[in-house]
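Among the features that Swiss-Prot reports, domain 'Protein kinase' is placed at 32-327, with the record citing sequence analysis. According to Swiss-Prot, the feature ATP binding site maps to I38, A39, K40, G41, S42, E43, S44, T45, V46, K59. The annotation active site, proton acceptor is assigned in Swiss-Prot to D156. The domain 'PPM-type phosphatase' annotation in Swiss-Prot covers 390-647. Annotated Mn(2+) 2 binding site per Swiss-Prot: D426, D598, D638, in sequence order. Here Swiss-Prot flags D426, G427 as Mn(2+) 1 binding site.
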Amino acid sequence: MGVEVPPEESNRCVRGCCRSAAIPLHLPPSSFSLLSPIAKGSESTVYEARLGGERVAAKKPVLSTSDDLDKFHYQLQLLWWVLPIELDHPGLARLVAAHARPPNYLMFFDFFEPPNLADKIHVEEWNPSVQQVVTIATDLAKALQYLNILGIVHRDIKPANILIDKDFHPHLADFGLAMYQKDIKHVSVENWRSSGKPTGGFHKKNMVGTLIYMAPEILRKDIHTEKSDVYSFAISINELLTGVVPYTDLRAEAQAHTVLEMTYTEQQLTAAIVSQGLRPALALPESGAPPSLLSLIQRCWDSDPQQRPSFKDITEELKIIEKHIAVNSCSLASPANKSQNGNTEVHHYQEALSWLNQGELFAKGNKLDSTVDHWSDIFDQSSKYCPTLSWGSFATCGRRETMEDTHFMLPHMSEEKDLHAFGIFDGHRGSAAAEFSVRAVPGFLKQFNSNTSPTDALTEAFVRTDIAFREELILHQKSKRITQKNWHPGCTAVTALIVRNKLFVANAGDCRAILNRAGEPFPMTRDHVASCPKERERIVKEGTEVKWQIDTWRVGAAALQVTRSIGDDDLKPAVTAQPEVIETILSPDDEFLVMASDGLWDVMSNEDVLSIIKDTVKEPGMCSKRLATEAAARGSKDNITVIVVFLRPVSTAERIY
């Protein structure tokens, strides 16, 4: 790797609890550089990086609490024992270095070109041969058998955590939830009550993983074992065989997410898996899968963990199945197969595109022909009141695996002291529309002058962004940079523009903005959802179907709840990007503005929000974080993004009542 490993006695983490003779645990800043992000979750971001001149993947954890830091050191201890260079296993993503000292805690792994197995199945719509499925299953089972021998339970096996190399060999990654079996049992014993069941605190820390891959005993709040990993393995291999997201009949993951929400609540799905024995639809014999493979999958997801085979048994059975598969099955190295399922040298798919860059480039490339004079020049400058702003934000994935929200804060926009802009974009069916919009909308706003009113500027920015994004999407689909079929990402949007003492808020969808006016909530937005009779009537007049599905009114085959958005080209023109703009004159009665995605408003009322800020130190970033974390604690199932803007001077030492 080109990075020297210090002597073991000095090669240790900042605490001294981690040490290694195989990999460096602290690195000089000049030896590595982080490039572009590859993936982002609630607990970490993975970057493409350079280490000693070589391409690697760098995992940067989110360390918000001392527990997070403890977890980093535990994971590092586990990884360098399991994955040091001298104990390399071909089925595991290899740890090659770490930086275990502040301020940049990092882990470096071998780099694998995207996509992971989940994106390979659901984005590229890869149809592997049965031979390929069995070979991948065998390699994965061997890696999990190796972990089991070492006494380790992975606890989060799913296609998204399986990396595929150029020869289609799998490499298990993301050991963020992995634990030694003895440690899981130790924690459980400490938390058991006289009833013999773990406490609620234990459940919250240990009922981890991804719901559709979690074994029934975990959903019943028992502890993880090797057999829990066996269950997740079976769900994943069946998904590879069928090509559909578990418990749906859809290939596209973003669309399947919507279908799952429409079909089951989380509690209903849990009950069906545990009590009714619900499992994903098993691959059909017509797929070419031998009965022995289908039988193995069914035994692996048996409701009784004791009836499931061990990974040692699974590996032996898969070897036998491999020998009996027809010789003329497509081999992993078949050039014809590579051509049919996607050239291995080209890894373009929708998330590989930088939609952030696309939005910024489009705004810059479509400048308006006008002389620049600013809105602040045309408003009454004799007004004695002008708000004094301080601002902050906080964003979290919440209970979702991926982050589809984006936001921007542009205080003193265009270097004007009385001109400020803030915005939140809540993506659905992927993050592409939200990423494009977060650069395009403020880019357009910067170009408008006093000949266009702020209301018209906001409206035009939304509409132009919508058109530009949909045209860009079509362009990339035609050029094959996007390979997924029937992909129609969109986002809701709320943007606030403060011009001297006037506030303008544009909204399309179900994000919200409220003012604290004289101690009472003053709404600056109205939700645009199909449950609103006026919005529903407008959609129907445009010729698009609105029907009651599961729990609410939804629009079209995509079953969207919102009736206005940027993107969603399959539902245009009914689901319009035309925002509703509300304006008001600010006064000393206006204390702060709160903007948030629906992940907050799903579990909090306007009054709740004001009350929480009242009881929080008056620092906008801290208030934003308090609101988001409280929403997560109340059970919000969505991404949560919050912006708080104080409109008059506040002291962080202000007394809390």
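In case you wondered, yes, glycine gets a Cβ from its N, Cα and C as well.
Swiss-Prot feature annotations superimposed on the structure.
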residue: I38; record: ATP binding site; Cβ contacts under 8 Å, 6 or more apart: V46, Y47, E48, A57, P114
residue: K40; record: ATP binding site; Cβ contacts under 8 Å, 6 or more apart: V46, C397, T402, M403
residue: S42; record: ATP binding site; Cβ contacts under 8 Å, 6 or more apart: V62, T396, C397, G398, R400, E401, M403
residue: S44; record: ATP binding site; Cβ contacts under 8 Å, 6 or more apart: K59, K60, P61, V62, G176
residue: D426; record: Mn(2+) 2 binding site; Cβ contacts under 8 Å, 6 or more apart: E404, D405, A434, C491, T492, A493, G509, D510, C511, S597, D598, G599, N639, T641
residue: G427; record: Mn(2+) 1 binding site; Cβ contacts under 8 Å, 6 or more apart: E404, D405, T406, A433, A434, E435, P489, G490, C491
residue: D638; record: Mn(2+) 2 binding site; Cβ contacts under 8 Å, 6 or more apart: G398, R399, R400, S597, D598, G599, D602
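Taking the mean position of the Cβ atoms of I38, A39, K40, G41, S42, E43, S44, T45, V46, K59 as the ATP site, the remaining same-chain residues with a Cβ inside 8 Å of that point are P37, K60. Per-residue confidence over the domain 'Protein kinase' (32-327) averages 84 (mean pLDDT, predicted model). Binding-site extent for ATP: residues I38, A39, K40, G41, S42, E43, S44, T45, V46, K59, maximum pairwise Cα distance 14 Å (rounded to the nearest whole number). DSSP assigns S44 (ATP binding site) to a strand segment in the three-state reduction.
For the recorded site, D598 (Mn(2+) 2 binding site), the DSSP three-state label reads helix. Under the DSSP three-state reduction, D156 (active site, proton acceptor) is assigned to coil, being neither helix nor strand. Cβ contacts within 10 Å of D156 (active site, proton acceptor), excluding its own Cβ and spanning all protein chains shown: 22.
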